[in-house]
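Here is the structure we will look at.
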Amino acid sequence: MEIRFTAFVLTAALMLSVELSAGGTFSSRLIHGYSDEAMSFWASKGKSVTCPKRESVEHMRLLLSNDLKRQKLKLGSQKQLLFPSEGSKTHFYGNDLSWLHYAWIDIGTPNASFLVALDAGSDLLWVPCDCVQCAPLSSSYYSMLDKDLNEYSPARSNTSKHLSCSHRLCELGPNCQSPKERCPYTVNYYSENTSSSGFLFEDELHLTSVGGHEHRGSVVAPIVIGCGSKQSGSYLNGAAPDGVMGLGPGEISVPSLLAKSGFVPHSFSLCFDKTNSGTIFFGDQGPENQRLSSFVSLDGNYNTYIVEVQRYCFGGTCLKQSGFQALVDSGSSFTYLPSEIFTKVVTEFEEQINATRLATEDFPYCYKASSRGLPNIPSMKLVLAANQSFVIQNPVFTISSDQGDNFYCVGILPIEGMIGIIGQNLMEGYRMVFDWENMKLGWSHSKCQDIGGSAKVPPTPPPSGLASNPLPTNEQQRSPGGHAVAPAIAGKPSAASLHAVSCRHCAMSSLLLSLVVWLPYLI
């Protein structure tokens, strides 16, 4: 007995009929959405559908209206960008705040402002909250801040509600005594003994939209927040005292939640210019002329921004056996190479530079600047997969001693293992695009213009058809005894989005624009 399926795909303009047999062949017919056959189909389903008379003015006006709607949806989704309501500008405070880049964001109702470190190497957004062990929040502790930092309190936000242990984003849910308990979290970071822990809450992030077919307006997006009551390590010693915005691809991150709520594509950009300021935009998929390299898996999993570096080059000469995989991480101030490759790089650097090395405690390759300034730094680049060149704009940074002497140091350090880290210092001068929707890293030279600005704007509703609180993380996901999905792996895309589908009929999927009704029947 052969089973066949017919798929009816109905759109405003056409209906596609597909027949697929067990033998693997198919046939298709394109049927106009307003044809007699289409009307008969809906009538057989008990649906009353009216259509203007063919070739009448009303008929043509309806077709034109549908075309314009589709064009507007397509163009709007491509061009709309979001950025924090405080402005798209990022901030850099040097050693005062551990060489990280920060952005001011507004959370909750009424909104409170937080200065969060931007970290593409982690997923969770957390802020100091109901503090038991937090960094000082007074501006008097930080020479470059002109106002105190904030502490989040769920009790003071009208839109805050706790995430329960039964929620699929609750990684520690199986350890809870009751599924209705508050979901705890603990995040450990690369820096030694550095962590944040507390409980997860849902609340609102205030953003500004720009582009598309709308004037600039405000957007209120539901997100998950870590109420960080206890921090340790570097988070008590100047790094990210007011929290971290994890920008990784995991399901709990802000870029992921914005995409799943339908606001923007699952992509964002960071730009760090040579004056140490920059920009952040959610939904940015980069300019057409950017260079691109695909993200690759780590131990078989796609759960972070890993790229394949094929060669490390000085000028037109590339070092032998200098390939490695690297995490692209805005939360790392400097760049780290696997030890063996690091040795090759600094050896070549020393041969090409005419200066005397003065090792410091933390940076083994530093040099004293002469009265004529810095010597000529050799040109370097990384060659990524598909022969895409990532030119290193400035691999060194300058520091001053207590005696007033100026030194310059190589901002590249060794790391154990075979996974390196491309940090902020190599991203300088680039618009870095983390496009998880297309599984691509993009980069292009940029002066990091702040196209969004920081003007306060009147509110606008969420995208058409979305609820006012469209957080795609409701209680439906698992039984109390089930296993919660860890945020670090929840963002892994499906196999279909990573590999070309081999079956012949799957090419039709891009045409399935609307309701699909599968009708199995026996012949």
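Cβ atoms here come from the backbone N, Cα and C positions, even for glycine.
All annotation found in TrEMBL is predicted automatically rather than curated by experts.
According to TrEMBL:
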{"type": "ACT_SITE", "residues": "Asp119", "note": "active site"}
{"type": "ACT_SITE", "residues": "Asp329", "note": "active site"}
{"type": "COMPBIAS", "residues": "466-479", "note": "compositional bias 'Polar residues'"}
{"type": "DOMAIN", "residues": "101-444", "note": "domain 'Peptidase A1'"}
{"type": "REGION", "residues": "452-486", "note": "region 'Disordered'"}
{"type": "SIGNAL", "residues": "1-22", "note": "signal peptide"}
Local confidence of the prediction over the domain 'Peptidase A1' (101-444), expressed as mean pLDDT: 92
Long-range Cβ environment of Asp329 (active site), under 8 Å and at least 6 residues apart: Asp119, Ala120, Gly121, Tyr305, Ile421, Ile422, Gly423
Asp119 (active site): tally of other CB atoms within 10 A of its CB: 23
